[in-house]
Each structure stands twice: as structure tokens, then as C-alpha cells.
Ligand SMILES: NC(=O)C1=CN([C@@H]2O[C@H](COP(=O)(O)OP(=O)(O)OC[C@H]3O[C@@H](n4cnc5c(N)ncnc54)[C@H](OP(=O)(O)O)[C@@H]3O)[C@@H](O)[C@H]2O)C=CC1
Ligand SMILES: N[C@@H](CC=O)C(=O)O
Ligand code: NA
């Protein structure tokens with residue numbers, strides 16, 4: 001009998017998104033095994049910050065037992081360049097799933113792609129840091145201008161988690177529409193915070209308590225200061241602006257409003273910051289009552305005006321009847337204004353953070369890579 005084609009999967013990061021991804025991978029692996037023709041999706045490497053588990057002979061790791069197996073690993077973490085070299089010698093195509101928020105790891109994507117390793121990731125760093133890294137990634141990738149033997153790269157979950165934001169924008173651009181403006185709520189954490197701390201109609205909890213909840217729900221970045229300083233939204237807008245054709249230099253090259261109180265800017269750890277944040281709840285209460293006096297609520301939004309190349313991120317006041325004011329939970333709303341859609345934007349709305357919905361975007365990207373690899 002003909003052996004099914006094998007695709008080798010390496011996963012880095014097993015936090016909220018990584019664990020949800022592993023459970024979706026298990027589901028996909030079983031579906032692909034029964035498909036016609038069958039496909040063998042084989043997990044061959046799992047790595048976290050201090051441990052790595054590797055399938056010695058490419059035979060695969062039992063997905064259901066990964067976390068327990070990882071815990072038993074001791075000893076030093078192998079250097080990442082050695083891991084990439086090892087993966088490039090796999091007996092078939094390799095897909096690297098980066099579920100970390102590590103910039104150093106993201107900076108090795110061009111090298112991995114040139115070695116024929118495909119990448120799917122929710123990690124925004126590679127696509128939103130210096131423009132030079134973005135350019136190197138797409139010069140190396142087979143779905144950029146790289147060699148057909150190079151790897152493919154997809155990163156849907158870097159904006160709006162699993163919502164089809166990047167695929168929609170790419171299709172608008174590739175089918176010749178002209179995107180003039182993109183605006184909305186791009187952070188699940190910020191959406192959750194303002195929807196629960198300052199709901200339409202009044203009431204709401206203490207700001208610092210809502211930040212704690214957002215972290216517990218898995219919405220925040222590993223360090224919640226990366227959400228509250230506006231940089232997470234700035235990174236998402238950088239990615240969208242670049243896909244819309246603007247060569248945005250970096251996420252700090254345009255105005256970004258931070259919600260970090262001045263006095264807490266010097267906190268050395270995220271834990272210290274979380275501990276001291278309740279002392280500043282009064283500042284956010286003042287913001288809430290001043291907006292309420294005008295019959296409005298405040299929300300954290302972003303926009304890209306393509307013709308003027310203006311990108312900005314920060315707080316804005318909205319009437320209670322505005323769709324942005326009426327968002328619930330961790331919902332994002334992304335409005336694409338284009339020549340084809342005229343005055344009424346194409347709108348994408350739904351949960352913009354959380355392990356399951358983010359992993360869905362990553363698994364969806366894996367499916368896109370599988371379908372491309374099957375054609376080769
Ligand atoms: N949470 C969400 O809703 C969304 C998240 N994202 C993105 O998804 C990514 C993961 O987020 P999330 O799962 O919430 O984060 P977590 O903090 O829960 O998990 C991060 C994981 O990455 C591992 N890790 C960190 N640095 C390294 C490294 N250098 N080498 C190997 N492993 C490393 C950590 O290891 P260890 O377990 O040892 O600590 C951990 O397993 C981030 O880039 C985030 O921006 C995108 C959209 C939505
Ligand atoms: N921390 C981010 C996670 C998704 O990108 C957010 O809250 O939106
Ligand atoms: Na998305």
C-alpha cells in the first residue's frame with residue numbers, strides 16, 4: 001500500500017494559544033488520517049522557554065501527552081539555530097508553529113523559510129517590528145518573492161485573532177480594490193476592559209480589577225503592559241498598513257496613546273505593575289465620569305488613512321448608539337473603507353482574543369500551508 005504523505009510539525013510555545021492549537025492539531029491529525037488520500041500530520045518537536053521535546057527518529061510525539069512529557073524534560077535548551085538545522089533535515093516538509101511573542105525567534109523566520117520550513121504564527125513581532133525584517137521575510141518566502149523551494153508564511157491571527165481580517169484585506173488588494181481607510185477596535189483586551197469598566201448605561205467595575213480578569217481570561221499579552229501601552233494595537237495597525245501598501249517603519253513611528261500611568265512606567269516587572277495598578281483607578285474613574293457628563297463612553301481605537309499615510313492609536317469618545325460603544329466582551333470590530341464598497345464599509349466583528357479563537361486562525365493557516373505543500 002502507498003504510504004501517505006507526511007508533514008512534520010514543530011510547535012514553539014504552549015501557553016494559552018499553544019495549548020489550544022495542540023488540541024486543534026489533534027483533531028486535524030485524526031481528520032487528515034481518514035481523508036482520501038490520507039495525510040500524515042506528525043508532531044516532531046515541542047518547545048517552551050526552558051524545555052524541549054523532540055521525536056528522536058521523526059516517528060512523532062503523542063499529542064495528547066505532550067505537556068506531561070515536556071514537564072519531565074531536564075537539562076539545557078538546545079540552541080535555536082541547531083534546531084532549525086535539524087528540522088531542515090526532516091524526511092519531508094516541515095511547518096513551524098510559533099506560539100510565542102518572542103522577537104528573537106521571529107527574527108529567524110527568513111533563515112527558516114530559506115531552509116524550506118513553512119511558518120504559521122500568531123506572533124506579531126516579525127511582521128510589525130522594523131520594516132527591514134518584514135521585507136526579508138517576504139523576500140525569503142515561497143508565497144512572497146522567494147524560491148519555490150522555500151517555505152510559506154501565514155499569520156492570520158496576528159490581527160483580530162481568528163477573525164478573517166488579513167485574508168480579507170489581501171483579497172481586497174489583490175482583486176484591485178483601493179483601500180482608503182481601516183478603522184475600529186483591534187484589541188480584545190482593550191475591548192473587554194472598556195466594555196466592562198465603562199459599559200453603555202453606566203456602572204462597571206474598577207479598571208485594575210478588569211485588567212486582572214482580562215489576564216486570567218488569556219486575552220492579554222504575556223505582559224499586560226504591552227496591551228495597555230497601546231503597542232499591541234500599534235503592531236496590528238502596522239501589519240494592516242503594510243498589507244495595504246504603506247511602508248510603515250515601525251509601530252513606534254506614529255502617535256500611540258498609552259494607558260500606563262506615568263508613575264508606573266518604571267516598574268521592572270509585569271507583576272509589580274499589576275500590584276500597583278489599583279492605586280491609579282481614580283484616574284480612570286475621572287475619565288469615565290467626564291465622558292458620562294457628555295452622555296458618551298470612551299473606547300480604545302485605531303485608524304489608518306491610506307491616502308494621507310496617517311496611522312493613529314488611542315482613546316476616543318463615542319455616543320451610546322455608536323456600533324463601537326455597543327461592542328461586547330473581547331469583540332473587535334474592523335471597518336474596511338474601499339472604493340468598491342463605497343460609503344458603507346466592509347465590517348468584520350467578533351471575539352478578538354482568547355486561546356481557542358486565536359488557535360483557530362493558526363490552524364486555518366496550517367490548512368492553507370498543507371494545501372500548498374500537497375500541490376508540490
Ligand atoms: N492570547 C490571545 O488572545 C492572542 C495571542 N496572540 C499572540 O499569540 C502568542 C501567544 O500568546 P499566549 O499563548 O497568550 O501567550 P502565553 O504567555 O500564554 O504563552 C507563551 C508561550 O511561549 C513560550 N515562550 C516564550 N518565549 C519563548 C522562547 N524564546 N522559546 C520557546 N518558548 C517560548 C512560553 O514558554 P513557557 O510555557 O515556558 O513560559 C509559553 O509557552 C503571542 O505572540 C500573542 O501576541 C495573538 C492573538 C490573540
Ligand atoms: N493581547 C491581544 C491578543 C490578541 O492579539 C489582544 O488583547 O487583542
Ligand atoms: Na485574524
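Each residue, glycine too, has its Cβ placed from N, Cα and C.
Database features, via TrEMBL:
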- 236: active site, proton donor (ACT_SITE)
- 221: L-homoserine binding site (BINDING)
- 13-143: domain 'Aspartate/homoserine dehydrogenase NAD-binding' (DOMAIN)
- 164-367: domain 'Homoserine dehydrogenase catalytic' (DOMAIN)
Over the domain 'Aspartate/homoserine dehydrogenase NAD-binding' (13-143), what is the model's average pLDDT? 97
Hey, how far is the residue listed as 'active site, proton donor' from residue 221 (L-homoserine binding site), Cα to Cα, in Å? 13
C-beta crowding around residue 236 (active site, proton donor), within 10 angstroms: 26
Number of other Cβ atoms within 10 Å of the Cβ of residue 221 (L-homoserine binding site) across all protein chains: 20
